[in-house]
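What follows is a single structure, written as structure tokens, with notes after it.
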Amino acid sequence: MTAIYNTLTRQKEPFAPIDPENVRMYVCGMTVYDYCHLGHARVMVVFDMIARWLRECGYPLTYVRNITDIDDKIIARAAENGETIGELNARFIQAMHEDADALGVLRPDIEPKATENIPQMIAMIETLIQNGKAYPAANGDVYYAVREFAAYGQLSGKSLDDLRAGERVEVDGFKRDPLDFVLWKAAKAGEPAWESPWGNGRPGWHIECSAMSENLFGDTFDIHGGGADLQFPHHENEIAQSVGASGHTCGHDHAQTHHGQSIASHVKYWLHNGFIRVDGEKMSKSLGNFFTIREVLKQYDPEVVRFFILRAHYRSPLNYSDAHLDDAKGALTRLYTTLKNTPAAEFDLSENANGYTRRFYAAMNDDFGTVEAVAVLFELAGEVNKTNDAHLAGCLKALGGIIGLLQRNPIEFLQGGAVSDGLSNEEIEDLIARRKQARADKNWAESDRIRDLLNEHKIILEDSAGGTTWRRG
């Protein structure tokens with residue numbers, strides 16, 4: 001049985017879906033005003049891995065990852081660029097999909113857009129007002145009254161008083177409490193707006209996910225995921241909105257209380273992936289260590305980046321550096337070299353359990369333990385290297401495939417990747433042919449010169465009785 005660390009209860013719990021025939025997972029997606037960065041890459045890869053594993057375990061999963069296509073940043077960027085919001089959104093949604101495809105991330109089953117769900121958001125806000133959880137302000141905004149939700153702060157583990165003292169809150173004379181957050185923003189000149197009972201305006205960020213998840217999944221569902229930075233306030237606010245509107249919780253006995261109040265959530269399991277740091281520092285544009293996925297993929301093969309992300313446990317901080325990416329590249333190269341030297345036979349995991357498969361499955365069932373699962377892959381590769389057993393090589397490829405690795409032709413991986421060395425495959429093959437002729441002519445100086453030239457471009461040659469093969473270093 002799969003065990004999942006639940007951020008809400010701060011402990012591992014057996015995964016027991018509300019309806020085993022209809023497992024539902026919602027992940028907060030991207031705000032599409034710029035190219036995706038490494039933090040986005042981690043969210044995409046981590047929850048792709050989780051979706052793949054749940055399906056491997058036989059669960060019929062519906063995976064939803066939303067797109068925020070209306071936001072202050074989107075409005076500002078479109079104005080700055082002199083383009084419409086629709087044009088900006090379309091451009092960066094396409095770029096997001098291209099980045100995800102490159103990283104081997106399967107498309108979610110549903111990708112709802114915020115602007116396609118405005119009526120649902122308005123309806124939820126109306127319900128919150130009727131339930132005494134929200135109030136219209138004199139300026140045309142609508143706010144959530146956090147004091148009216150007794151369990152507020154349960155996800156972050158803080159009381160309202162703790163939050164008021166420790167968090168920077170917006171000073172707003174229209175709020176009843178500084179911690180109250182906006183559900184509906186009154187229209188501003190030149191900004192997109194929709195009609196509502198409170199006047200023209202647009203939704204706040206937090207209500208978007210509550211309304212979209214409720215529209216697709218109903219009042220309760222199994223898994224809600226996202227980056228650790230969303231735990232507070234975004235996910236905290238989602239709970240307040242969703243439970244405040246429906247009055248329904250997931251029915252799970254979380255066996256805990258929050259400052260004297262029973263824990264109440266519409267979601268059974270809350271999952272959060274850890275932060276990405278760059279050379280030990282927080283990734284930020286102000287520090288000049290902010291990297292988009294596209295920038296990284298100019299230097300590294302996309303599968304290397306995916307492998308780098310999966311080598312760390314999803315909840316742990318992940319430290320990005322060239323040294324760590326180079327190490328990941330070398331490690332993945334070793335696995336593909338094994339599959340090059342011993343071509344994989346067909347292997348059916350459902351019919352061929354062995355010690356390696358059992359340990360891999362046990363690792364993944366323990367809160368998606370990719371660190372231990374990847375370690376099993378390397379032990380298995382070591383056995384394949386010793387035995388040249390094509391059946392075991394097939395097992396290696398099949399296990400890697402569960403988490404989206406090792407599915408390419410080994411030669412294509414070893415000779416492919418980001419071509420930052422300046423030599424195309426054709427140029428390399430030509431140099432190798434010239435070196436072969438030089439060796440046949442016993443022109444050792446020319447042969448060495450070509451080898452040195454290839455080494456300068458990080459092209460590694462492997463001479464054997466069957467000829468010369470090569471890979472990018």
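First residue shown is number 1, and so on along the chain.
The backbone N, Cα and C atoms fix where each Cβ goes, glycine too.
So that you can see what the record holds, here are the features copied from Swiss-Prot:
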BINDING   Cys28, Cys209, His234, Glu238  Zn(2+) binding site
BINDING   Lys285  ATP binding site
MOTIF     30-40  motif ''HIGH' region'
MOTIF     282-286  motif ''KMSKS' region'
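Shown here: features listed in Swiss-Prot, placed on the structure.
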| residue | record | DSSP (3 states) |
| --- | --- | --- |
| Cys28 | Zn(2+) binding site | coil |
| Cys209 | Zn(2+) binding site | helix |
| His234 | Zn(2+) binding site | helix |
Within a 10 Å radius around the Cβ, which one of these binding-site residues has the most neighbouring Cβ atoms: Cys28, Cys209? Cys209
Using a Cβ cut-off under 8 Å and a sequence separation of 6 or more, which residues in the same chain sit near His234 (Zn(2+) binding site)? Cys28, Trp205, His206, Cys209, Gly226
What are the sequence-distant neighbours of Glu238 (Zn(2+) binding site), meaning same chain, six or more residues apart, C-beta distance under 8 angstroms? His206, Cys209, Ser210, Ser213, His224
When the pLDDT values for the motif ''HIGH' region' (30-40) are averaged, what is the result? 96
Taking the mean position of the Cβ atoms of Cys28, Cys209, His234, Glu238 as the Zn(2+) site, which residues outside that list, in the same chain, have a Cβ no more than 8 Å away, listed in sequence order? Trp205, His206, Glu208, Ser210, His224, Gly226, Leu230, His235, Asn237
